[in-house]
Amino acid sequence: MSEADIGLVGLGVMGANLALNIAEKGYTIAVNNRSSARIDDFMAMARREGLDARALPEADLAAFVRSVRTPRSIIIMVKAGKPVDDMIDQLVPLLDKGDAIIECGNSLFSDTQRRFERLKPVGIGYLGVGVSGGAEGARHGPSIMVGGSREEWRNAEPVLKAIAADFEGESCCAWLGEGGAGHFVKTIHNGIEYGDMQMIAEIYGIMRDGLGMDAAEAACVFKRWNEGPLNSYLIEITGHVLEAVDGETGRPLVELILDKAGQKGTGVWSAIAAQELGVPATAIEGAVAARSISSRKDERIAAEAIYGRPGAGGMAAAIDDLEKALLAGKIVSYTQGLSVMARASEQNGWGLQLSTIAKIWRAGCIIRSRFLGQMATAFEGDASTNLLMVPDFVALMKECHGPLRRVVAAGAMAELPLICLSSALSYFDASRQARGTANLIQGQRDFFGAHGFEIEGRGSDLHGVWPATIDKAAE
Ligand SMILES: NC(=O)C1=CN([C@@H]2O[C@H](COP(=O)(O)OP(=O)(O)OC[C@H]3O[C@@H](n4cnc5c(N)ncnc54)[C@H](OP(=O)(O)O)[C@@H]3O)[C@@H](O)[C@H]2O)C=CC1
Ligand SMILES: O=C(CO)[C@H](O)[C@H](O)COP(=O)(O)O
């Protein structure tokens, strides 16, 4: 008997919480998972929350599909990559024309595009949906970034909007464009998340290694900052992470956690997308690189033994400068992420609205912040896609780039690594330098490869008369 309003397959951290959220909003949800133990765990959770009457567990995939009312909407929330394709392969023979798959994992946008094209001829709708907010967001209201056809969106809109976060009465769920648009925006959201996290970690490094602050002192500063312009989920949780104490040793937990960062792919995809689109995203790229360097612990230990410990001589920096440096770095990082989305939108004909994206990131997602509220307002009345040129942010950047410069300079002299903050500063300086240095690069390119250069008033594809050289190094 078809009883469920919607189905969800994949009861991991995100799927289980999304399913509870959907049930709580009054929908009856059929649930399925590859391993049946998770179905039992989910039903136990649903019982504890008094939601089991609206959950229909089905360990058999065919019976699960049959239990959903037609035309069916089936959410897939499994590990990204091949498991999604495998799940689609298993579902398609069980579905009817007019049914739809709503894939909510962190999928690569080009995979989403491919899956969308694959299902179109068989009459099965496909939405590629980015969901952010971790377990808590999935349970109580994530930010939801939808991509796919408008028709599928109209069918899914009521349930997706019902479960999404709400910012002052506005839903943090929106349809952003066709095909892979939703997953592309989620990927860049994560790239920006990488940048935010890395810059926070760099500031923590200055506090710990440059200023000699202990974790509890650093926690107090982050808690205070969370009351000001840096107010955000990531600053808030940083305070909590820094103040947590290990029950076994009584030491700050953060000091026991191994300094090797994991990564599941979306940061790298953001950096690759930026490079492929020809849009510089140095803060995001720096954040990805920093995670890779962090994973090479043995090499870092060996190199420190040769070159000495960075920060050993201490560093002088005002706490107010650190706050403003973080704000300036954030402006640059968001400028870059937004530019990547704007270019991708042009290239793919998505029509992405940056103001809508900023709005649905104001609550529910990992990068939610007061800053995004300012951004949403700023973009509403401004057609620019360059945050560095939007008046409110021009004023902020004028106030904060000096502090960023002092922090980066002092950090460099103290030998402290500031990959993200320093690249953000250089991006800012390079982006506002009317006369750059690429004239020399063009000269070099013409010298060795006759690639040509341009001289204003004389034309392009000009060539120099260069001397013949011999390779001195090879002599
Ligand atoms: N955790 C987070 O904060 C966020 C995660 N995401 C994304 O959501 C998706 C799910 O993540 P999350 O809930 O954290 O993952 P979990 O690791 O908690 O759960 C993974 C789920 O995928 C299922 N699965 C894995 N491989 C297969 C397969 N080959 N066939 C069928 N099912 C499979 C697992 O089933 P089984 O129990 O049988 O192993 C399980 O239900 C991912 O794309 C992730 O990137 C998005 C936003 C936030
Ligand atoms: O999408 C997310 C948050 O928005 C997930 O938590 C994702 O796993 C984060 O990426 P990584 O694991 O690479 O740090």
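Cβ atoms are placed via backbone N, Cα and C, with glycine included.
Summary of the site annotation: TrEMBL records NADP(+) binding at Gly10, Leu11, Gly12, Val13, Met14, Gly15, Asn33, Arg34, Ser35, Val78, Lys79, Ala80. Screening the candidates Asn21, Asn106 against this entry identifies Asn106 as the one listed for that site. The Cβ of Ser35 has fewer other Cβ atoms within 10 Å than any other of the binding-site residues Asn33, Ser35, Asn106. Set side by side, the binding-site residues Arg291, His451 differ in how many other CB atoms lie within 10 angstroms of their CB, and the most is found at Arg291. Cα of Tyr194 (substrate binding site) to Cα of Met14 (NADP(+) binding site): a span of 20 Å. Within 10 Å of Lys186 (active site, proton acceptor), counting CA to CA, the binding-site residues Gly10, Gly12, Met14, Asn33, Asn106, His451 contribute Asn106.
The two recorded residues, His189 (substrate binding site) and Gly12 (NADP(+) binding site), have Cα atoms 22 Å apart. Among the binding-site residues Gly10, Gly12, Ser35, Lys79, Tyr194, Arg291, no residue has its Cβ under 6 Å from any atom of ligand 2. Selection of the binding-site residues Met14, Arg291, His451 by a Cβ distance under 6 Å from ligand 1 yields, in sequence order, Met14.
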